[in-house]
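Accompanying notes for the structure given below.
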Amino acid sequence: MTDQVELRKKRAGEKAVEWIEDGMTIGLGSGSTVYWTIKKLGELVNKGMKIKGVPSSIRTEGWANQFGVPLTDFQQGTELDLAIDGADEVDPSFHLIKGGGGSLVREKIVNAASKNLIIVVDESKVVSNLGEFGVPIEVVPFGWEVTERRISQMGCRSIQLRKSENEIYVSNNGNYILDCHFGYIENAMNLHAQLKQVVGVVETGLFIGMTDHVIVGKDNGVQVLRK
Ligand SMILES: O=C(CO)[C@H](O)[C@H](O)COP(=O)(O)O
């Protein structure tokens, strides 16, 4: 990653803390942009801000511990005031593709439990149509090849079992991820609904109608997009 891309991510990630208020419980998303949010949040906590975070991945939990952001259990009754998360693609309706980092299921659970969702991205993630990145789909390992075949019959141009260093990538939930390319997606809500009908699919990386604001890190500053 170039220094310029990293700077854009830093700008977007840090800006998001402006929405955080004392006493809030915050959903902490995953990825290298949210890293900057968590780092900045740690500085605010060190200065006396009282918040609690709910991490959406083991990696995020590690960053929260590293920067001194207090965490709370995500259990029945936990209400989130705000969630801050990254994305792989954001379209003009604020629909998202997520899951590039493999944390889509926990991210979706955390984001869905929050009153507000802010997405932090560098400007390369803002697209006019979702699809080029591909759709990560988390599937149960048992019978995954059968699930893969069903998905590939749904107009998928290419489908790949995610690997990491030549080993099958296993999510924080013990599942596999299929990276599926459908070309440009005309109706993300329909595609998501169809994929969810396939037995073996746990969740898709299509996040529809969840986002309130998008913070875009640019070369010359930061832009806040509101619905
Ligand atoms: O969805 C995600 C992980 O599952 C990430 O939020 C997404 O991949 C963006 O990551 P980054 O900020 O590193 O570009």
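Every residue gets a Cβ built from N, Cα and C, even glycine.
TrEMBL lists Glu107 with the feature active site, proton acceptor. A simple way to gauge crowding: the CB of Glu107 (active site, proton acceptor) has 32 other CB atoms within 10 angstroms, across all the protein chains here.
Marked as substrate binding site by TrEMBL: Ser30, Gly31, Ser32, Thr33, Asp85, Gly86, Ala87, Asp88, Lys98, Gly99, Gly100, Gly101, Lys125. According to DSSP, Ala87 (substrate binding site) is assigned to coil rather than to any helix or strand.
Under the three-state DSSP scheme, Lys98 (substrate binding site) falls in the coil class. When the neighbouring Cβ atoms lying within 10 Å are counted for each of the binding-site residues (Ser30, Ser32), the highest count belongs to Ser30.
Note: the CA-CA distance between Gly100 (substrate binding site) and Glu107 (active site, proton acceptor) rounds to 12 Å. Around the Cβ of Lys125 (substrate binding site), 24 further Cβ atoms fall within 10 Å across all displayed protein chains. Listed in chain order, the extra residues whose Cβ falls within 8 Å of the Cβ center of the substrate site residues Ser30, Gly31, Ser32, Thr33, Asp85, Gly86, Ala87, Asp88, Lys98, Gly99, Gly100, Gly101, Lys125 are Gly29, Val34, Glu107, Val121.
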